[in-house]
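In TrEMBL this protein carries:
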type	residues	note
COMPBIAS	1-19	compositional bias 'Polar residues'
COMPBIAS	35-53	compositional bias 'Polar residues'
DOMAIN	110-269	domain 'Yip1'
REGION	1-76	region 'Disordered'
TRANSMEM	126-148	transmembrane segment
TRANSMEM	168-185	transmembrane segment
TRANSMEM	197-218	transmembrane segment
TRANSMEM	224-242	transmembrane segment
TRANSMEM	254-275	transmembrane segment
Amino acid sequence: MMTGGNYTTIDSQKVSGSVPSVPDPGHTTVKFAESNLQTFPPSATQGKISGGSNPPRDADDTFSGPGSSSDEPQSGGWLHKFTVGAYKPFFDVDTSDVVDRLKESLFPFRGTFTEKTADKPDLYGPFWICTTLIFVAASIGTFVTYVAHKWKKQEWNYDINLVTWSAGVFYGYVTLVPLALYVVLKYFSAPSGLVQLFCLYGYSLFIFIPALCLSVVPVEIFRWVIAGVAGFMSATFVALNLKAHINSAGERSILIIASIFLLQLGLAVVLKLYLFTVTV
């Protein structure tokens, strides 16, 4: 070491020689403790959660049934008949179901309507068929009467009673006749579902919608033919679909079927006299 003035010189060899060398430790293996984290979804069933993508076993199946709802009170007994939920399943149909049943009513000789609707009869179709018939009957009857009066240059007045009369005929017929038939069949030990009878009679009136539209033709014979054909198809539709069921009533079955057929024809005659006929 040399000291001169303010500078100090250190021998680099001596300094390097005094520092010990660090040996190469080589490869060191580091081990980690096993993690407590679990993969998702778990491979095995734990608790109430099952493996894979399957839903829990205790999942809420409230909406799996056709007529249940979590927001509706569950009431039993006869009081349940006065709740909206009791009739909700009878309106649970889509457009394709209603269209298929309307087509079935136009082919009365098949007699398969009751079989196809046995599991799921509806009241949606009968309600709208009767409602449509009321407005069609009122509008067609008013239009035909108006044209007839104007053709003869006579004064014309709108008759509001045509709407109320049509509503009473169609709603009353599709309600009272199935109800009476339900009591008769139950008396003869051949009971049938009341809702199914409502469904059958409701769809049987669909043929009268195009018949009413054709009544605008101012030919009386043509109107009688249209009313007769519509009545015959409607009566055949009801009678054939109930024939297999009513046969279990024994000897009285032929009388019941004939009464059903004639009653439906009577409806067509009433409609012809009050809706298909235009007098000036």
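Placed from the backbone N, Cα and C atoms, the Cβ positions cover glycine too.
Curation plays no part in TrEMBL annotations; they are all automatic predictions.
Keep in mind it's a predicted model, so treat the numbers as computed, not measured.
Here the transmembrane segment (126-148) sits against the transmembrane segment (197-218); at least 3 CB pairs are under 8 Å, leaving out pairs fewer than 6 apart in sequence. Within the same chain, residues 137, 140-141, 165-166, 169, 173, 177, 181, 184-185, 188, 204, 208, 212, 215, 223-224, 227-228, 230-232, 234-236, 238-239, 242-243, 246 sit at least 6 positions outside the transmembrane segment (254-275) and bring their C-beta atoms closer than 8 Å to a C-beta of that stretch.
In the predicted model, residues of the domain 'Yip1' (110-269) average a pLDDT of 87. The list of residues near the transmembrane segment (168-185) in space but at least 6 beyond its ends in sequence, with Cβ under 8 angstroms from a Cβ of it, reads 126, 130, 133-134, 137, 191-192, 194, 197-198, 200-202, 205, 245-246, 249, 256, 260, 263, 267, 270-271, 274. Residues 101-102, 104-106, 113-114, 117, 121-123, 125-127, 129-130, 132-133, 136-137, 140, 143-144, 147-148, 170, 173-175, 177-179, 181-182, 226-227, 229-230, 233-234, 237-238, 241-242, 264, 268, 271, 275-276, 278 of the same chain lie 6 or more positions beyond the ends of the transmembrane segment (197-218) yet place their CB under 8 Å from a CB of it.
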